[in-house]
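Going by TrEMBL, these are the annotated features:
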DOMAIN    251-380  domain 'Palmitoyltransferase DHHC'
TRANSMEM  82-99  transmembrane segment
TRANSMEM  105-124  transmembrane segment
TRANSMEM  133-150  transmembrane segment
TRANSMEM  162-180  transmembrane segment
TRANSMEM  297-317  transmembrane segment
TRANSMEM  337-364  transmembrane segment
Amino acid sequence: MKPVKKKKTEEPELEPLCCCEYIDRNGEKNHVAACLCDCQDLDEGCDRWLTCKSMQPETCERIMDTISDRLRIPWLRGAKKVNISIIPPLVLLPVFLHVASWHFLLGVLVLTSLPVLALWYYYLTHRRKEQTLFFLSLGLFSLGYMYYVFLREVVPKGQVGSTQLAVLTCGLLLILLALYRAKKNPGYLNNPASNDKSLSSSQIECLNKKGQEKTKGFPGADASSSLNNRTLKDDLKVSSRMVTGSPTKVKEDWCAKCQLVRPARAWHCRICGICVRRMDHHCVWINSCVGESNHQAFILALLIFLLTSVYGIMLTLDTICRDRSVFIALFYCPGVYTNYSSALSFTCVWYCVIITAGMAYIFLIQLINISYNVTEREVQQALRQKTGRRLLCGLIVDTGQYNRGFLRNWHQFSTLGTHSFPHPAEDIV
């Protein structure tokens, strides 16, 4: 009887899925064509919407979970799940830009509402500590759509040469390459399978030998206790507090969520759910943290984007507003709304200006932080604890903890991720 039962339970798992079939969140086989079938929450929501009745937040969450689970595209060996957060930018951005190109007042209304909506969605997802592909989709689609409008509306006018188009295209490709590099591992700390694996044998031996000498000054220290998992965690926490008082030594701290010892300047990202070496911040535009391994690529991507965007704006304004300087044409370009092609190009220019201004602010803050050798996470912590020195109305925050001078700070930043700095057990005990 047992072999028969094993065969019956294994047969459904071995059955291949067709391109339109998938395994839903309940572990059952489903079909893409049945995306609107057997959903009581969706039926209840539609009934309440038709009768103008309110829905409970739990019902809305279940409906969104069901929609995100059933939104799939046919693929080999089963339908692939599509993240629902990437869809709104693909639909709304072209619609908003085309509506804004109808009239000057509509353009002002739409272009001022877009940043407000983006900030509202950012604070909504940031408060819930959820990952979203909305901003990554918005950024990539904005690059592609702006390049498409440039090729379709600006290049045919004959004012852009082949060399200029090649430079702009190379800039776009370099942006994508830098973003791809910035999306890689930012310096995640390995999450060990057990607490014993998080420490090397040399660290355990050193903790065992020097534990009696280093913990005499701390109340409640038991030198005769065995090195079990709980004692190791307590010793590591005590040693972290010991080293905290000395900025010249390497400080380490115990992360209760990842169950590992994190080095100095590392932090646990609540959105990614993992600790990152020298964490700067969690960037929604790349849907990843900016840390020790990808900080340089992030700065490079910002720099290339700013140069390419400014160059594209100059080429577009020089084409649709001739015989005017770029700055004057940006605010005064008579007759631009008489032609729909020129109006769409002008609207896209202002959209690029808004995005470029925001990225330029981020780039400026990054340059200042690198010059003072502080991370954005350390800046926010210093502002909350009121331990940092604020300059230029708070634009510069100097914690003074890792600042070694302008040139040394930039040299350290240029060598991030190239050298591994081992932290022996002697430094933490």
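For all residues, glycine too, the Cβ spot is worked out from N, Cα and C.
Summed and averaged per residue, pLDDT over the domain 'Palmitoyltransferase DHHC' (251-380) gives 90. Counting same-chain residues at least six beyond the ends of the transmembrane segment (82-99), those with a Cβ under 8 angstroms from any Cβ of the stretch are 64, 67-68, 71-73, 106, 110, 114, 132-134, 136-138, 141-142, 145, 344, 347-348, 351. DSSP states for the domain 'Palmitoyltransferase DHHC' (251-380), grouped as helix (H, G, I), strand (E, B) and coil, give 69 helix, 18 strand, 43 coil.
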